[in-house]
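Below is one structure; the comments refer to it alone.
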Amino acid sequence: MKVDLSPLNGIISDKAFQKLKSINNPSLVHFLSKTIELTTPDRVYVSFGEEKDREYVKKRALETKEEIKLKMEGHTIHFDHPLDQARAREDTFILTDEKIPFVNTKPRDEGLREMLSLLKGSMKGREMYVGFYSLGPRNSKFSILAVQITDSPYVIHSENILYRNAFEDFYGDKPFLKFIHSKGQLDIKKRRIMIDVKENTVYSVNTTYAGNSVGLKKLALRLTVTKAVNEGWLSEHMAIVGFEGNRGTHYFTASFPSGSGKTSTSMLGSLISDDLAFIKEIDGVCRAVNPEIGIFGIIQGINERDDPVIWDVLHKPGEVIFSNVLMTDDGGVYWEGSEVEKPEKGYNYEGAWTKESGKPASHPNARFTSPLTSFSNLDKDYDNPQGVVIDGIIFGVRDYSTLVPVTEAFSWEHGVITIGASMESSRTSAVIGKADVLEFNPMAILDFMPLSLGKYLNNYLTFGRNLKYVPKIFSFNYFLKDENNKFLNSKEDKRVWVKWAVKRVESETDAIYTPVGFIPYYEDLSKLFNSTLGKQYTKEAYELQFTLKLSKYLEKTERIMKIYSEIADTPIEVINELKAQKDRLLDYINRYGDKVSPFQLVKS
């Protein structure tokens, strides 16, 4: 079937016209022409990912003042609206006529009417930008094609950093995900993000914050989760990182809610992904790739001592977009928690700023955007079309009172259900609302869940049953506090928990059986603290960190059981696994009381 490009004649450049003609993709042309007709831009720039396209987009970002050039070569800064600083949960909808627990839905016809009304003529007086990308390594079993349309050069610049340009891969009538964004008038009351799963299309308007506007980031995750569940693989909010053991590199995926340790964990080994993972069973083995080739990371708290790899990226020439940090008068940047001297004045997302105002210089959800190739710890297989074999899965939370620093699950089912599906974590600044409220957030993906948790978990359990080699599952918690509200661990201690997990993967160390999983022996951690961090690890510290608060674990298990018992399609395995854990906890409470020291468990 020959593609009809007549609707685009005279609207796009001759070069773009000929290139689109060459790939013969009617669905793509239809999508472009309909979006142009809806949004009525003055001009359309079709970016094919060539160097001159990338340079043009960067130039336009500066000309439109969506970005400002900084003194370091390649560095720019972007400011979002003061009320558009994080993912907008309340303005984000899955378009479906179903009512889905924990999912913000809107009837599809109603949502489309509202969205198309907001987008109508939204690009008048502006230039439209079109980009073509692949989520995952190009021409691989993992690759998913996507098209972004936007009137924001900052958005398309971000996507050129974060994703693989892949125009040539659209040859023929290949399916692709569709993303339409307009900054509109930045009327926050009319900010809307709507995900039409049925048509694999996401609409976004009156916002520029990347989590709401960069389509291939978390907006695409809703579409790829749906695709994964329907096809029997996993699309996850997970880092992928390689950790060295005595038998070579072991790759782990790591799921943490935003701002809870995912990026810092991904910097402890060889980096493949800091945020997202496509995971498939290939010949009975669990393999994963990064859909992205860049990082959109939280910058608050990044300092030279704790985060040397990221610090280096942010202080050398190269492509970096800072967002919502402080810009100093000399074209430098400052962010809270950087542990450098705070400047006297500058400019941030609220306008002119002075130290004497007492206000924070940067937003707690301020970000940086950089290509993976800028990171010194980048793994050689970061773009391997075959992916990497996954030996372990980490589910981490920000839990101040209950979970011990590290636990290993008894099995795939036990780990998926009592660790991953039971995650509760304190809310962070990455979402709009009150911080430090404990939230149910299974697999750290609830914000991006487009379907029933029951269906999602059933796919997880089925996926595990199809594996011949099953990764071990671990619970991590870097944020446990004592009764005086002081953290029980330093930032660097996470290196030890990782080392212990690697030793468990290599079957090099035993562990203590508890009702909630396996925990480390003191002697093993003492050796690891010495060899990894060069510091002494006391029995007192170990006991404080690994004493199991049985009553609190029981309360948590009962909370989670209640949640899943009220979801109609929850697999029976979920309830049975949680009930078995509850029974074990009741048995231990009967034997030991509300708490039990790990030393008591060793003696028993």
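From the backbone N, Cα and C atoms, a Cβ is placed for every residue, glycine too.
Owing to the predicted nature of the structure, the values given are computational and were not obtained by experimental measurement.
The substrate binding site annotation in Swiss-Prot covers Arg87, Tyr209, Ala210, Gly211, Ser258, Asn365, Ala366, Arg367 and rests on sequence analysis. A sphere of 10 angstroms centred on the C-beta of Tyr209 (substrate binding site) encloses 23 other C-beta atoms.
What Swiss-Prot records for Lys218, His237, Asp275 is Mn(2+) binding site. In the three-state DSSP assignment, the secondary structure recorded for His237 (Mn(2+) binding site) is coil. All protein chains considered, the CB of His237 (Mn(2+) binding site) has 24 other CB atoms within 10 Å.
Cβ neighbour count for Arg398 (GTP binding site): 25 (other Cβ atoms within 10 Å of its Cβ, all protein chains included). Annotation source Swiss-Prot lists GTP binding site at Gly259, Ser260, Gly261, Lys262, Thr263, Ser264, Arg367, Arg398, citing sequence analysis.
Residues or ranges marked as active site by Swiss-Prot: Ser260.
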For Arg87 (substrate binding site), the three-state class that DSSP assigns: strand
Alpha-carbon spacing, His237 (Mn(2+) binding site) to Ser258 (substrate binding site), which is rounded to whole Å: 9
Measure from the Cα of Gly259 (GTP binding site) to the Cα of every one of the binding-site residues Arg87, Gly211, Asp275, Asn365, Ala366, then give the nearest. Asn365
Hey, of Arg87, Ala210, Gly211, Asp275, Ala366, Arg367, which of those binding-site residues are within 10 Å of Lys262 (GTP binding site), Cα to Cα? Asp275
Among Arg87, Tyr209, Gly211, i.e. the binding-site residues, the one with its Cα nearest that of Arg398 (GTP binding site) is Arg87
Around the recorded Mn(2+) site (Lys218, His237, Asp275), other residues with Cβ within 8 Å of the Cβ centre, ordered by sequence, are Lys217, Leu221, Ser258, Leu276, Ile445, Phe448
Could you round the CA separation between Ser260 (GTP binding site) and Asp275 (Mn(2+) binding site) to a whole angstrom and send it over? 12
By a simple count, how many Cβ atoms lie within 10 Å of the Cβ of Ala366 (substrate binding site), its own Cβ left out? 27
